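Note sheet for the following structure.
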Amino acid sequence: MAGKTLYDKLWDDHLVRQNEDGSALIYIDRQILHEVTSPQAFEGLRLAGRKPWRIDANLATPDHNVPTTERSAGVDKIEDPVSRIQVKTLDSNCDEFGITEFKMNDQRQGIVHVVGPEQGMTLPGTTVVCGDSHTSTHGAFGALAHGIGTSEVEHVLATQCLIAKKMKNMLVRVDGELGKGVTAKDVVLHIIGVIGTAGGTGYAIEFGGSAIRSISMEGRMTICNMAIEAGARVGLVAVDDTTIEYFRGRPYSPTGAQWDAAVEAWKELVSDEDARFDTLVEIKAEDIQPQVTWGTSPEMVAPVNALVPNPDAETDAVKADGIRRALQYMGLKADQKITDIQLDRVFIGSCTNSRIEDLRAAAEVVKGRKVAPTIKQALVVPGSGLVKAQAEAEGLDKVFVEAGLEWREPGCSMCLAMNPDKLGQGEHCASTSNRNFEGRQGFGGRTHLVSPAMAAAAAVTGHFVDVRELMQ
Amino acid sequence: MRKFTQHIGIAAPLDRANVDTDMIIPKQFLKSIKRAGFGPNLFDELRYLDEGQPDQDCAGRPLNKDFVLNKPRYLGTSVLLARENFGCGSSREHAPWALDDFGIRAIIAPSFADIFYNNCFKNGLLPIVLPEAQVDQLFKEVEATEGYQLTVDLERQVVVTPSGEEFAFEVDNFRKHCLLNGLDDIGLTLQHADEIKAYEARRRESAPWLFDAIK
Ligand code: SF4
């Protein structure tokens, strides 16, 4: 019998019941809640007179709607009434049901996918769900993590289980050594460029190979975060020493004898040598350059030194049409240099790239430089209050502010423009977030996805530039 | 979920085809954080003469007296007669939420939009498809008789008129089972509560560090 993949092991470990029709009940160890997709789920519980199955499996924090400007006046002073109500509702629901919540001005508050791992809530071998598609992030720790809808949030609250069907296994292996200035974000954008935004549909993707092994936990989270942009609800990285070290001393990590037992168990969380994957994608690390998306889908991506593609050179009529529409929306010309794209705003943040390592990389580039005068706004939004505090302890906030970037309070911010941070119509933004869909960062806004270092380089030059040129 | 076995109630005729979900509950009310409380805004644009705003008290708003559900004789309606393609448009679950909150328990029409049809079952509402001619007959009878009530018997899969005439309807066995027993996905999963508890006990043994850590 062939060995098991990491995904197979996680699935088998959580199987409560297999139904004849192929669906199954899997047990959920951890659920993270935020203000946008939870209110109706709580309301559903109330209407049905149900209680959460297990309080201690849940953790909540508001992130999507919270303002990232000075907010010490509290939730009552959130200007947008709809946002205010959603944040207050999360607070009152958590109070009513006894769920642990890091409220807006708690230092532990932040983006759900930053907070979960940071607290050791997400642990290797757990199942993690959240009403947010980027829950795939948590797979970086060898956890089985799914984004779910509101009715499923309620289902998990009430039953501690999810109705799921087993996915297929894909291995994306990145071998070799990453070049200087090439980051995890470039790796995942490159992968999406290779397999396409639907390439991972129906699969759990495991990222492996020597290049992935050499990447830090922060970087692995960036990669798994965007598995969903490749169509896969689940991204995974096998557990190794880097994973285990990450959890030492986290607030919800096991301690003492339980730590030792946990580490023993976690070491099993790798795909067996003889495991069978349905699909294998092999990538050479040396082929990966700093990436920039030029279009309106994450697969519309190219190396920074390339040209914007020409639809006339595309033989597939549907694709050519897609390129034409994207260029039209983005206000770009075929065959223009990517480095000639002028920018209006820069956003460094989001669950993809708002961790300490991301901020360090951006600060290193802007240090001693100034934001270009043509840039209207350059935002740095840390992923959590703890990341913010750490960055301030390292003096990164001063580096940013001296260079002319704004240093903000933690939240999702301009990633989806549900709070006041938005792009104006037609504005180009170098953004470290994960989606470049039409209107994502504001009506008519034009998003280019890049790494934090590339975003910082764009901020100080006013256009895209190969960050390696600034690293001499 | 609430059980649906048999229901007797006042019927009202909503005589227009292609009633979409925007008509059932306009988009400005989707910002709500609730699943309940949409009833006062059900058919908002048809029902009131002014433009509705979220969080507004609807009691003082000018009513459109010609709209069927505003007529005194249809007060307390719980069975809605409708025309073809009822519930078309977006997938918003707010549409069945609004109907339910208003007090509607069953909707009879020659056809329904797919997603809406599904959403009804998730929320304890029974959508009933009858042939056009029978729906027509019901429209005529309800308009002719004040206080006209219909009986909907899910067990026997029939709609019964006041004169005792019966119209049979089809319904998927699984959905029927769920409605009769008041089972939603959650209810069904909870039928396996013992298996979940058994799993949980094993999990507590094998990974005790995952319990009682978050407080
Ligand atoms: S940062 Fe963006 S992608 Fe991430 S959870 Fe927030 S809104 Fe979603």
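First residue shown is number 1, and so on along the chain.
Every residue gets a Cβ built from N, Cα and C, even glycine.
Source: prediction; values computed, not measured.
The feature [4Fe-4S] cluster binding site is assigned by TrEMBL to A:Cys351, A:Cys412, A:Cys415.
Annotated features, which come from TrEMBL, shown on the structure.
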residue: A:Cys351; record: [4Fe-4S] cluster binding site; Cβ neighbours (10 Å): 26
residue: A:Cys412; record: [4Fe-4S] cluster binding site; Cβ neighbours (10 Å): 31
residue: A:Cys415; record: [4Fe-4S] cluster binding site; Cβ neighbours (10 Å): 29
Structural state of A:Cys351 ([4Fe-4S] cluster binding site), classified by DSSP into three states: coil
A:Cys412 ([4Fe-4S] cluster binding site) - helix vs strand vs coil (DSSP): coil
Cβ-centroid neighbourhood (8 Å) of the [4Fe-4S] cluster site, A:Cys351, A:Cys412, A:Cys415 excluded: A:Asp63, A:His64, A:Ile111, A:His134, A:Gly349, A:Ser350, A:Thr352, A:Ser354, A:Gly411, A:Ser413, A:Leu416, A:Ser433, A:Asn434
